[in-house]
Amino acid sequence: MDLEAVCKRSALHAKPQGLILQYGTAGFRTNAQHLDHIMFRMGLLAVLRSKQTRSTIGVMVTASHNPEEDNGVKLVDPLGEMLAPSWEEHATCLASAEEQDVRQVLAAIVEKEAVDLTQTAFVVIARDTRPSSEKLSQSVIDGVTVLGGQFHDYGLLTTPQLHYMVYCRNSGGRYGQATVEGYCQKLSKAFVDLTNQVSCSGDVKRSVKVDCANGIGALKLREMEHYFSRGLSVLLFNDGTQGRLNHLCGADFVKSQQKPPQGIEMKSGERCCSFDGDADRIVYYYCDADGHFHLIDGDKIATLISSFLKELLLEIGESVNLGVVQTAYANGSSTRYLEEVMKVPVYCTKTGVKHLHHKAQEFDIGVYFEANGHGTALFSEAVEVKIKRLAQELDDGKGKAARTLASIIDLFNQAAGDAISDMLVIEAILALKGLTVQQWDAIYVDLPNRQLKVKVADRRVISTTDAERQAVTPPGLQEAINDLVKKYTLARAFVRPSGTEDIVRVYAEANSQESADRLAYEVILLVFQLAGGIGERPQPTF
């Protein structure tokens, strides 16, 4: 490792004095002007990670649902997973090091992780459509090459597509071809196989309106829609030709504002969905005959998928360990429906997709979705092999169910939550079950809920347990929350500190919107009083 050359090149990507950023679940994210040094250093880190794992590592330049002026970067581990937690710490250390300390930090990583510097390194890079992304990805390449790493630049990809490419390259082609065409063909073939089972006698061709958040999703859907156009008509809105990325559109906007995005025309009963800026989240929605907006978020997506998988397994006669993984933000109605009606076990993890993904890997079939629409389904290798064998061997109704499940397995991007893949899975299930979007929405009724946040002097004052559903500190806070919750019907509430800033988030749900609003307000007052709230005392919003 030529540290002298690294230091010389690093000086060309100088770190602004005193700038400290933390590598979180989403990697690094901030205003694009402050990221040049981080991109270069993540190129360096990707080479070391590649040498240590003897695998291809991915680097994605994106800030997902953040505003267009922001950007970010995250590393992708060998099986398409998020970066290992110990290496997240290395990323933070390296990114925060002052210029004169870069050499020392790199040497410390090499020693701690026993990196064999004689190993070859291969890194794959991709970016989203932000104006700053191309230049920043060149800084990544600069970091890769100065450490002698080899690379392939995929150019414009969705984040899930890069996860897929990394997984393919490290599975020796078992998972699929590591090309855009390979991705399109694998997903489209599975989708067409499924929709070919649907009786089309007199049916109008199915269609869905897609809000692409003025991001990369539009470009990539256009590239692949001709593969499956006979089974589904995709109408693209906010495709990047006019509006700004994520501005008044996209999955995060629709979920948080509980209203349709700008730039999409909605008629009563039409199925619509929104991607986020890098196409790793999806939410559905529609307007009813009275013009009321209905959101179908990640909870209902997980319920549709897991219910369908359970029905197929019952038809096949296979007993496998199926589980659904949620966070504390999952609506209580979804948890009750899954556990009490569908008899599917539900598990709760801390917020952050890496926690859900890790838990889902413990099951033969693990379905995970955050309420924001980020999720997928994971299938163990043993289950996948068995189902595909049964699909070939059986000719009866069991064989048909096995072939359906085999296609569903191929249709999921098991490397990461993927808006395109999830959309095709949902559209296939709705077609196969003959469900309208209204019928899907009516499986259960969400409990009214409210989310609020309050500024505090130090978010570390609050610590939690039980997948963030119970506050441990400050003393007395959880007991006071419990007393408030008892006043309402079907109620619950929890508080959790932000991972990035000194704010505390409050979630409350109850049997009416008025009760949920009051409970959330009462809890936020408690936090303000007991956890060092700053600024003006919170005021009621109801």
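Keep in mind that glycine also has a Cβ here, set from the backbone N, Cα and C atoms.
Because TrEMBL annotations are produced automatically, they should be read as predictions rather than curated entries.
Taken straight from TrEMBL:
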DOMAIN    52-90  domain 'Alpha-D-phosphohexomutase alpha/beta/alpha'
ACT_SITE  Ser64  active site, phosphoserine intermediate
BINDING   Ser64, Asp276, Asp278, Asp280  Mg(2+) binding site
DOMAIN    102-166  domain 'Alpha-D-phosphohexomutase alpha/beta/alpha'
DOMAIN    208-283  domain 'Phosphoacetylglucosamine mutase AMG1'
DOMAIN    297-434  domain 'Phosphoacetylglucosamine mutase AMG1'
BINDING   Glu370, Ala371, Asn372, Arg496, Pro497, Ser498, Gly499, Thr500, Arg505  substrate binding site
DOMAIN    472-524  domain 'Alpha-D-phosphohexomutase C-terminal'
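Taking the features listed in TrEMBL, we show where each one sits on the structure.
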residue	record	Cβ contacts under 8 Å, 6 or more apart
Ser64	active site, phosphoserine intermediate	Ala26, Arg29, Gly72, Thr159, Asp276, Gly277, Asp278, Asp280, Arg281
Glu370	substrate binding site	Gly298, Gln326, Thr327, Tyr329, Thr351, Val353, Leu356
Asn372	substrate binding site	Ala251, Asp252, Lys255, Arg281, Val283, Asp297, Gly298
Pro497	substrate binding site	Val456, Arg459, Arg460, Val461, Ile462, Ser463, Thr464, Ile503, Val504, Arg505
Gly499	substrate binding site	Gly24, Thr25, Gly352
Neighbouring C-beta atoms (10 Å sphere around the C-beta of Arg505 (substrate binding site)): 20
Check: same-chain CB within 8 A of Mg(2+) site center, minus Ser64, Asp276, Asp278, Asp280: Thr62, His65, Thr158, Thr159, Gly215, Ala251, Phe275, Gly277, Ala279, Arg281, His374, Ala419
Cβ neighbour count (within 10 Å, all chains shown) around Asp276 (Mg(2+) binding site): 33
Packing count at Asp280 (Mg(2+) binding site) (other Cβ atoms within 10 Å of its Cβ): 32
Residue counts (helix, strand, coil, in that order) that DSSP gives for the domain 'Alpha-D-phosphohexomutase alpha/beta/alpha' (102-166): 33 helix, 13 strand, 19 coil
Number of helical, extended and coil residues in the domain 'Phosphoacetylglucosamine mutase AMG1' (297-434), per DSSP: 80 helix, 20 strand, 38 coil
Whole-number Å value of the largest CA-CA distance among Glu370, Ala371, Asn372, Arg496, Pro497, Ser498, Gly499, Thr500, Arg505, listed as substrate-binding: 20
